[in-house]
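Here the structure is laid out as structure tokens; the discussion comes afterwards.
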């Protein structure tokens, strides 16, 4: 049975368009194949921005960590364990000011750790989280996919590949703030892409 990690990064929670798209993807997958789903809601308030103290806790050998450092490192450790234990990663991704939500960056900052999710070699860094399938359900108010303004997609590809996750697919719902007709068209295009991706996933 596949294990699916569903990540919400929308500040609007379950009302967010990206969350609804990601949930739809998982629900349609569940309708055709038994899967085990874990939800990681980054908008829950449990993921503050990374601090220097927390980073120092990771860099301290486990046997030498103070009680406070052990507690600080435990959040990153648990997020990494969660990510490692799932086969399929589904991410609801809104676009905020051409970038990713800061809560998602906070998640990345905690799961990208040298020696655990990637390692340095004499030929450069190597990602250690391979053999995972990643699906990004992106919701945008304007039209950006395939244009120079879509730095978000390239960032996501790069940072996930850095960790070893190179099998990354996108479904875009764009033009959602450009009027009802544009929004309907954007959702329709996303639905079509979701169906296409699911056919490949369950094949």
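Placed from the backbone N, Cα and C atoms, the Cβ positions cover glycine too.
A quick note: this is a predicted structure, and the numbers were derived from the prediction, not measured.
Counted within 10 Å of its Cβ, the other Cβ atoms near residue 95 (FMN binding site) come to 22, all protein chains included. The FMN binding site feature in TrEMBL is assigned to 10, 95, 96, 97, 98.
Feature annotation from TrEMBL assigns domain 'Flavodoxin-like fold' to 2-197.
The Cβ of residue 96 (FMN binding site) has 15 other Cβ atoms within 10 Å, all protein chains considered. In the three-state DSSP scheme, residue 96 (FMN binding site) is classed as strand. The binding-site residues under consideration are 97, 98. Their Cβ neighbour counts within 10 Å are lowest for 97.
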